[in-house]
Each structure stands twice: as C-alpha cells, then as structure tokens.
Amino acid sequence: FRNLGLPLAKDDIVQLKEAYKWIIHPQLSEELGVPADGKSLFEVSVVFAHPETDEECRFLATACPDCFKPAKNKQSVFTRMAVIKALEKIKEEDFLKHFPCPPSSPKKLCDALEIQCNNGAVFVAGRYNKYSRNLPQTPWIIDGERKLESSVEELISEHLMAEFKADSFNFSSSGREDVDVRTLGNGRPFAIELVNPRRIRFTAEEMKRLQQAINDSSDKIQVRDLQLVTRSAIGRMKEGEEEKTKTYSALIWTDRAIQREDIAFLDDIKELKLDQKTPLRVLHRRPLAVRCRLIHTMRSEYIDEHHFRLHLKTQAGTYIKEFVHGDFGRTKPNIGSLLNRTADILELDVESVDVDWPPTLAD
C-alpha cells in the first residue's frame, strides 16, 4: 500500500481473527446447512496449533525480553497479550528489518487440536417460598462435611439442570434468610444461570410444567413466576439492594410478665434508627462494622404474659434477631432495652421482600 502511495491508518488494518471469520463462516454455513451468526449464543470454539508461529515471533523477544516470561500453565511464552505488548514497544524500522513485509507463505498447515461446541448461558428467574425451619438457602457444608441434607438452591436447581441439560449453574437471590427462618408471602426473588445448556428453548407452558414439577417434589419450598430472563435483567434484582424494604413477623418471649399496655407504645414508633455492630453469629464471614439501619414501622400483637408477636417493616440488611435480643448490647436500641426487660426471639418469618422483579405471571 505504501509503495502505491496509499496511506494506511490503524483503523484500516483488519485483525486476523476477523479475516478468518470472513473466510470460514461461509464455508461452515455451506457444510452445515445453517446460517452463521457472529452474535449467536451457540459458539464453536476451535484450538489450532502451528509450529512455525513461535519461530515467527522469536525476534520480538530481543526487542522486549521483559514481555515474554514463562508461566506454569502456558505451553509457549508467545501468548497473545505478550506479543501485542512487544509489538507496541518495537520501532517500525526494527520490525521491518526482522520481519518480511508482506510475510512469506507458511510451509506447513496448522492442526486443529480441539473443537468445542458451547451454548451461551441461559438465565431463569422466579420467586421462592420456604416453609421449613430446617433448610438453608445454599448447601451447608463445613470442613467438607454436609450439615443438612438439602437446600433451597438444590431443590430448585436439580430440576432446571435436568431439563436444560446444563453443565453447571450459579444461584443468586435478593438477600437470604437464615436456616430457621421461613419466607412467606410473595416469596423471595431468585435467578439461576445455567452454564452451557444443551436445550435453550422452552415455551411458557413448558416453564409452567417445570415450575409444577419443582413444587410437587417438596413440601419445604414452592416456586412461582418461573421464567426465562436476560443476563441484564438480573441486574434489576440486585439494584437498590439497600433501598428496598422487608416485612417480618417475629414471635418474642420476655423474661418478666407483660400486659397489652406494656407493648402498645411500639405501634407508635416510626423510622427508628438502629446502630448494629456486626452480629457475633456472622462475624466469621462479615467484616466488623457498625451499620445504621431503620425500622420503618412496628405493630405488636399480644399473646400472653410472656409472649407477643411483632410485625416489622424494615430497611433491607437489618438484623432482626439482634434487634430483638440486643446481641449483648451490639444492637442499640433493641426490643429488650425498649421494654426494659430481657427479650428473645423464638420464631422469625419473612412476610415480604419488596422488589418488583421478576414480572408476575398469570396463573
């Protein structure tokens, strides 16, 4: 081009992989009888080996010896990133001295070492209810030993894995409840990424049948609004994690006898500010910090002299158990300090998680 007096800008240079696609896509289409689409979720990955390639790159090692360092898991030091780094450092005149332009034709053909076919991940979302007080959200395994036989994640995912014929999965949800806490009401939003599924198309009717199969398989959980979603849609579940509100119902015990009038004042408290030091029970997996949280509203329900039920609407991330018993003074104020007596929590239920996602489906 230069000899012909035609200027070549960097933008005019076509990357080798693009040129390869232009050549190979039409050939694949013809051979397989299907159209080639660069943005398709179905991906064919081919690994080639070409002995001459290393020799072609060797002169770059003199220009940039620091760019090429042996790595345990790499067969060659001439990795893509190392070569690009060296090409950016070498002067144009030095490059032309050591490398013929245009390059000479290769003497040997390259070998296709490995061909892999993969489907892009599929995402399934829904809401789950948990009715057991002996079921963790994710597998409970400590030092390689399983503590409980199942989990919410496993009860849902085993059916999805079987139907989608996926290699693996990743489970995420809008917050989590403790093993002994039920999740009632509309349930908790969740999403599952299914990696390399062999089947990716499901009708709305088939998704309903899959949801029914999950619900029929266990009385510990129920799933609703099960649907296929996009990767970007999952972001909405995580958006505003701190801003969303949650509604709880707590069964509370007090050491000294109470009358209805002793707890009536709790109903009038609005936007109560708490300082919560990281609870002792989660200190092994959460950093030590003092978090400011809000109890928006409370409503008390008298049961007997030592028991009452408290309905709370709170900011997400509030530790409810600690708000009741105080966690040795780590949560201030707490129900014990407000009532001026020892209080403890016997049962806790999540009544609602106020995230408007995924979309509600018609029954």
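Note that Cβ sites are derived from N, Cα and C of the backbone, with glycine treated the same way.
Copied from TrEMBL, the annotated features are:
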{"type": "DOMAIN", "residues": "5-117", "note": "domain 'Pus10 N-terminal eukaryotes'"}
{"type": "DOMAIN", "residues": "123-354", "note": "domain 'Pus10-like C-terminal'"}
Helix-strand-coil residue split for the domain 'Pus10 N-terminal eukaryotes' (5-117), DSSP-based: 51 helix, 15 strand, 47 coil
Confidence summary for the domain 'Pus10 N-terminal eukaryotes' (5-117), mean pLDDT rounded: 84
